[in-house]
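According to Swiss-Prot, the features are:
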type     : residues     : note
SIGNAL   : 1-31         : signal peptide
TOPO_DOM : 32-118       : topological domain 'Extracellular'
CARBOHYD : ASN34        : N-linked glycosylation site
DOMAIN   : 65-105       : domain 'EGF-like'
DISULFID : CYS69-CYS82  : disulfide bond
DISULFID : CYS77-CYS93  : disulfide bond
DISULFID : CYS95-CYS104 : disulfide bond
TRANSMEM : 119-139      : transmembrane segment
TOPO_DOM : 140-178      : topological domain 'Cytoplasmic'
Amino acid sequence: MDRAARCSGASSLPLLLALALGLVILHCVVADGNSTRSPETNGLLCGDPEENCAATTTQSKRKGHFSRCPKQYKHYCIKGRCRFVVAEQTPSCVCDEGYIGARCERVDLFYLRGDRGQILVICLIAVMVVFIILVIGVCTCCHPLRKRRKRKKKEEEMETLGKDITPINEDIEETNIA
């Protein structure tokens, strides 16, 4: 019974490790939306806490819900361009390709997700190359072994043939004189 308990515990260990790895990967993959509010302050992200960000904005030409960002938000977006949400008086980011997050600060690990066809072709080619290298390696190792076996087999045949044939001495003449 003790052995059965150990086996069931050992088989659940890989399952638990896989579950933990899945949770870690899921945490890294989940992307935040492009929010412009800080969760700690729940307010606007200004340089000074006392500064009124909405009061310092300059009204530029308005195109729908968004306008150009004020100069104080020039470097707000890390890998993208800034736009200002007029209704909320907050900055927002439009991230470059391959970046995600509120300020485009994270690299999107699944950026090349749409190129599955190319990834599949590359994987198939890699598997075929590995298979060819494996076959060449096996053939290279087996060929000398086969030669050695053939040589040993020939030597053994020569020995057995030599033992089966009784040597005839030509110097001695056979006579039927009894």
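Just so you know, glycine gets a Cβ as well, placed from its N, Cα and C.
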Please give me the CB contact count at 10 A for CYS104 (disulfide bond), counting all chains in the structure. 22
Count up the helix, strand and coil residues in the domain 'EGF-like' (65-105) according to DSSP, in that order. 3 helix, 16 strand, 22 coil
Most Cβ neighbours within 10 Å: which of the disulfide-bonded residues CYS69, CYS77 is it? CYS77
Taking the Cα atoms as reference points, how far is CYS82 (disulfide bond) from CYS93 (disulfide bond) in Å? 5
Can you name the disulfide-bonded residues among CYS69, CYS77, CYS93 whose CA is within 10 A of the CA of CYS104 (disulfide bond)? CYS77, CYS93
Pairwise Cα distance for CYS93 (disulfide bond)/CYS69 (disulfide bond) [Å, integer]: 10
Where CYS77 (disulfide bond) and CYS69 (disulfide bond) are concerned, what is their Cα separation in Å, rounded? 11
